[in-house]
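Peer 1: Mind looking over this structure? Questions follow.
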Amino acid sequence: MNHFEYRGGAFCCEGVKLAEIAEAVGTPCYVYSTATLERHYDVFRSAFGTRDVLVAFAVKANSNIAVLATLARKGAGADTVSQGEIERALMAGAPASKIIFSGVGKTAEELTFAVKAGVHQINVESRAELELLAEIARGLGKKAPIAIRVNPDVGAGGHEKISTGKGDAKFGVSPEQALALFARAADDPHLHAQGLAVHIGSQIRDLAPLEAAFRVMRSLAEKLRGDGIPIERLDLGGGLGVPYFNEPDPPSPAEYAAMVGRVFDGFDIGLSFEPGRMIAANAGVLVSRVVRLQERPRPIVVLDAAMNDLIRPAIYDAYHGIKPLNQPKGAEQAYDVVGPICETGDTFTRNRMLPPLEAGDLVAFMTAGAYGAVMASTYNARALVPEVLVSGDTYEIVRRRWDVAEQLKLETLPSWLATKA
Ligand code: LLP
């Protein structure tokens, strides 16, 4: 459930008309709903009842500090994949004790930063990384809390580019190697071997591969304990799909949690989760204005939003619902919907049935709160899209538009071009 709906003919985010935000802030702009973020966090967290779980929001899905602060105040931790994400999470008020640091390419500087910050857990993805981290922790006189990321050879996810769990993916180590690395870490005075981690993909719409991966995790933990090596936690990653409203709904958080309960029935171990999309996707929309229509047998709607603002359709053929901000009247017709960028890839959708649209109309791309603004760029020297957070009847700009004048402040001509020819 989300808090975007028509009220008296106007499409609203909570108590605010999106058209009012569009007029004040300009388009394109992202708009997020506080109530929806909070609700999604609550639904996910409460699905696990009294079990000891850490819900660490995957910052990569939406790293705006206002979004992170909203979730941190609810008690969420943060799953991060770069120093920048750790800094954002800390700035937003997530305690280091709830921050997980993952990723295949963590540098020595980033690992040093994470150990000094005292993060909850560093998810180690290779032997080389483990050795480097042990050396860094020794140098700092610290004990780094780690989990070993397992590649369970189970693939899943809404698109091949976001599947991470197959054996040939770049992520994690084989189950056998994970056991060996965990035992190695457990023997190191500067490492605290606390868990194993897994994440097999994103936009997963079927519980079976998740269940298979989680069963591998339980058996690995049992094996370690059987060998006398204590293990306290399992990090089960993110990946639960969300409705994009063009396909049957994916499993609910309650169904997901029930599956987790089945797999870990009678097994006493702390669990962590890293949901991103499930919390943020349906808590955000991208608002855009129709620039003009191209006359064709099937008319083309040219928007002021482009692939640089929302790239998911271009790279994953992703579907995003499109809603006019004025409650639609009149029969739907087929349109192609594109942005102004000079490549055919800048096409949001083809042959989509939509209510009649004309120049100046405002529309919202739905389910854009995750992997939307975070993946935006300034391609074609466009402004970086602003972000707005709504709470009840009020809203504030939480990232202002980064326009070309400001972008140019970062650029300089080299000395040999700085003087007039
Ligand atoms: N944990 C790890 C280790 C991850 O790699 C990811 C996502 C997550 C958690 C969060 O997964 P979620 O719950 O959001 O599915 N840009 C793509 C999605 C990439 C996901 C990458 N990893 C998209 O727009 O669909």
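Cβ atoms are placed via backbone N, Cα and C, with glycine included.
This is the feature table in TrEMBL:
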type	residues	note
DOMAIN	29-369	domain 'Orn/DAP/Arg decarboxylase 2 C-terminal'
DOMAIN	35-281	domain 'Orn/DAP/Arg decarboxylase 2 N-terminal'
MOD_RES	K60	N6-(pyridoxal phosphate)lysine
BINDING	G239, E274, P275, G276, R277, Y371	pyridoxal 5'-phosphate binding site
BINDING	R277, R312, Y316, E343, Y371	substrate binding site
ACT_SITE	C342	active site, proton donor
Peer 1: What are the non-local neighbours of G239 (pyridoxal 5'-phosphate binding site), defined as same-chain residues 6+ apart in sequence with CB under 8 A from its CB?
Peer 2: A156, G157, H199, I200, G201, S202, Q203, I204, L210, P275
Peer 1: For Y316 (substrate binding site), just count the other CB atoms lying within 10 A of its CB, please.
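Peer 2: Taking all protein chains shown, Y316 (substrate binding site) has 16 Cβ neighbours within 10 Å.
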Peer 1: Work through the binding-site residues one by one (E274, E343) and point out the residue whose CB has the fewest other CB atoms within 10 angstroms.
Peer 2: E343
Peer 1: Just to verify a number: CA distance, E274 (pyridoxal 5'-phosphate binding site) to Y316 (substrate binding site), in angstrom, no decimals.
Peer 2: 21
Peer 1: Given the recorded positions G239, C342, E343, return the subset with CB under 6 A from an atom of ligand 1, ordered by sequence, or none if empty.
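Peer 2: Passing the 6 Å Cβ check against ligand 1: G239.
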Peer 1: Using a 10 Å radius around each Cβ and all protein chains in view, which of these recorded positions has the most neighbours: K60, R277, R312?
Peer 2: R277
Peer 1: Let me check the 10 A CB neighbour count of P275 (pyridoxal 5'-phosphate binding site). How many other CB atoms are there?
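Peer 2: If we count other Cβ atoms within 10 Å of P275 (pyridoxal 5'-phosphate binding site), we arrive at 26.
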Peer 1: Among the recorded positions listed here (G276, C342, Y371), identify the one with the smallest other-Cβ count within 10 Å.
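Peer 2: Each of the recorded positions G276, C342, Y371 was scored by Cβ atoms within 10 Å; lowest is C342.
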Peer 1: Of the binding-site residues Y316, E343, Y371, which one sits closest to K60 (N6-(pyridoxal phosphate)lysine) when you measure Cα to Cα?
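Peer 2: Given the candidates Y316, E343, Y371, the nearest one is Y371.
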Peer 1: Taking the Cα atoms as reference points, how far is the residue listed as 'active site, proton donor' from R312 (substrate binding site) in Å?
Peer 2: 17
Peer 1: Given the binding-site residues G276, R277, Y371, which lie within 10 A of R312 (substrate binding site) by CA-CA distance?
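Peer 2: Candidates kept after distance check: Y371.
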